[in-house]
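Beneath this line is the structure, given in structure tokens, with notes to follow.
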Amino acid sequence: MGNPVFGRADVFQPRHPQQSANHGSQAGGWGTSQQPYLQGQGMAGAAALGQPGNLDQPRQATMTLDDVIAKTGVVLLVLAAAAALTFSFVGTNLATAGTITVVTSLVSFVTVLIVSARRRVPAGGVMAYALVEGVFIGAFSAVFEAMYPGIVVQAALGTFAAAGVTLAVYKFTGFRVTSRFRRIVTIATFGFAGAMLLNLILALCGINLGIRDSGGAVSGIAIIASIVGVVLAASSLIMDFDSVRVGIDNHAPTSESWRAAFGIAVTMVWLYTEILRILSYFRE
């Protein structure tokens, strides 16, 4: 399944050979007709093809790589603008930054669930996510910048560098996203998310497992957890790229490019937060 944003749309799922064959036969392929009673009606069919309204019917526009790139750029631009404004507004006020981080993290999580659950992802919903997530990133970054000056720029550059390397690996090395790879990354991601949730709950109860440290001594398990997070986020990004390819191959409607941009943005935010954390550990 991978990214749940893509997992909710069948058009982004790889088709098995049998499914493709069935799809082709249902669509009326060039093979032998499976309906003998239609044979002998060739002249009538040919005449029908000449009638207006058959060949002249408008075809539904399909998603292209340019569509995905353009919309992803718009989403990331809106997100970055909201983050920059929030970052400037918060400044060094850690109390305000902390409150905004907690509130917007919950709101953005709910927004992801609501928008991704829609049969057709609305552009307005994606933009709303970009704004909320941008505010979260701005406040979250302000907390780290106050403790480690200059770390936000490093994390941003590191995120785009990691995304570029990931894309290059997928595009130029012949790397194949197999069903086994998807299963492993999906299971590992859910396990990682479960561990982070458990750590958060225990931290609220005053129990520190050391999985997420900041502003003090850093445990080895915290560094390992962040490295695992970066690897999983990069692996998820590879799966996102492959899902886009599958969607294009499956002739997804152009409206699905918003879902693709949405899914990539979610993974990019995750990658940024993990890189920001691991850089902070090396500053200690």
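Including glycine, each Cβ sits where the backbone N, Cα and C put it.
According to TrEMBL, the feature region 'Disordered' maps to 1-32.
According to TrEMBL, the compositional bias 'Polar residues' annotation covers 16-25.
Taken from TrEMBL, the feature transmembrane segment applies to 68-89 (among others).
The transmembrane segment annotation in TrEMBL covers 95-114 (among others). Sequence-distant contacts of the transmembrane segment (95-114) (same chain, six or more residues past either end, CB-CB distance under 8 Å): 5, 86, 125, 128-129, 132-133, 135-136, 138-140, 142-143, 146, 266.
Within its own chain, the transmembrane segment (126-144) has Cβ neighbours under 8 Å at 71, 75-76, 78-87, 89-94, 96-98, 100-101, 104-105, 107-108, 111-112, 115, 151-152, 155, 214, 258, 261-262, 265, 269, 272-273, 276, 280, counting only residues six or more beyond its boundaries. Residues or ranges marked as transmembrane segment in TrEMBL: 126-144 (among others).
Sequence annotations record features per position, and here TrEMBL assigns transmembrane segment to 150-172 (among others). Listed as Cβ neighbours of the transmembrane segment (150-172) (distance under 8 Å, sequence separation of 6 or more from its ends, same chain) are residues 87, 141, 144, 230, 234, 237-238, 241-242, 268, 271-272, 275-276, 279-280, 283.
As annotated by TrEMBL, transmembrane segment applies to 184-211 (among others).
As annotated by TrEMBL, transmembrane segment applies to 217-239 (among others).
As annotated by TrEMBL, transmembrane segment applies to 260-282 (among others). Below 8 angstroms of C-beta separation, residues 3, 5-6, 12, 63, 68, 71-72, 74-76, 79, 112, 115-116, 121, 126, 129-130, 133, 137, 140-141, 144, 147-148, 151-152, 154-156, 158-159, 162-163, 212-214, 218, 222-223, 226-227, 229-230, 233-234, 236-237, 240, 243-244, 247 of the same chain, each at least six residues beyond the ends of the transmembrane segment (260-282), sit close to that stretch.
Beyond the transmembrane segment (68-89), the same-chain residues lying 6 or more positions past its ends with a Cβ under 8 Å from any Cβ of the stretch are 100, 126-127, 130-135, 137-139, 141-142, 145, 152, 244, 257-258, 260-262, 264-265, 268-269.
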